[in-house]
Amino acid sequence: LEEDETDQDDLKRKEKRQNSSKQAQGSETNSPDEILLRQVLLNPTSCLKFELFVSSKGEFLENDARFWVEVQKYKDLFHSHCDKVVLQNKISVLIDCFIHTCMSPALRIDVPPGQVQRILEKRYEVDPYIFREAQMSVFDKLLRFWPEFQELSSSLSDEQLLALLQRKQQQYRAKRRRQKSKEEEIAAMRITLEELERRLEEDETEEEMEENPSKVLWASSKDTADVEQKEKLLRKQTSSAKHQQLPTANS
């Protein structure tokens, strides 16, 4: 009987550990598509193909895939009882490369600002789940493109797939460069127009001075006189108020 009770206690503890593990993993292993995508991301060869595929679908999707993989490596390091200094360095690298970079925009992955703030607040804590929310967010984003990638990769050989994905990536990047160049050109034109408008206003003022100097001087002197008149009135009102506040000899 004692052995049976011990076995039951062991089973309960095992189930509790399994449930805790599932809760920690969140929804990452809930569907066959999610399992397949995880396998693809954990395999360097297939991950490269998937990164190439999503690189032409959005600005930061390739970074999303890389971030997911690097977070997984960080968690593996943690569970291998790696030195804390190494783990802290890995946290800093992940933040500097993906979360809070020196480039614009500073955030280089598809995660909400709230998650970024929580990561930055805990950046000096060696915690296996510091990037958990962000990793799940980018995974959900990548999962949307999994069916299309699966269909495409199943219809082509590896060489054909790589050639197609590389061509699409080059086309997308060329399009992004053209778009960025156009945006910079528009911004430069806006600055030039603002400068021209400022110079025109200055020229108009100078022309008016040359054509009607007396009118401009009169306007200027009138403004000065108005200001002086207001100052005199204000001083008079202030002086009157002070006299009213002074105590009388009979008080």
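Backbone N, Cα and C define each Cβ position, glycine as well.
Unlike curated entries, TrEMBL annotations are predicted automatically.
The following features are taken from TrEMBL:
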type	residues	note
REGION	1-30	region 'Disordered'
COMPBIAS	20-30	compositional bias 'Polar residues'
DOMAIN	36-165	domain 'RGS'
REGION	198-251	region 'Disordered'
COMPBIAS	223-234	compositional bias 'Basic and acidic residues'
COMPBIAS	236-251	compositional bias 'Polar residues'
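Per-class residue totals from DSSP over the domain 'RGS' (36-165), listed helix then strand then coil: 93 helix, 0 strand, 37 coil. Model confidence over the domain 'RGS' (36-165) stands at 95, taken as the mean pLDDT rounded to a whole number.
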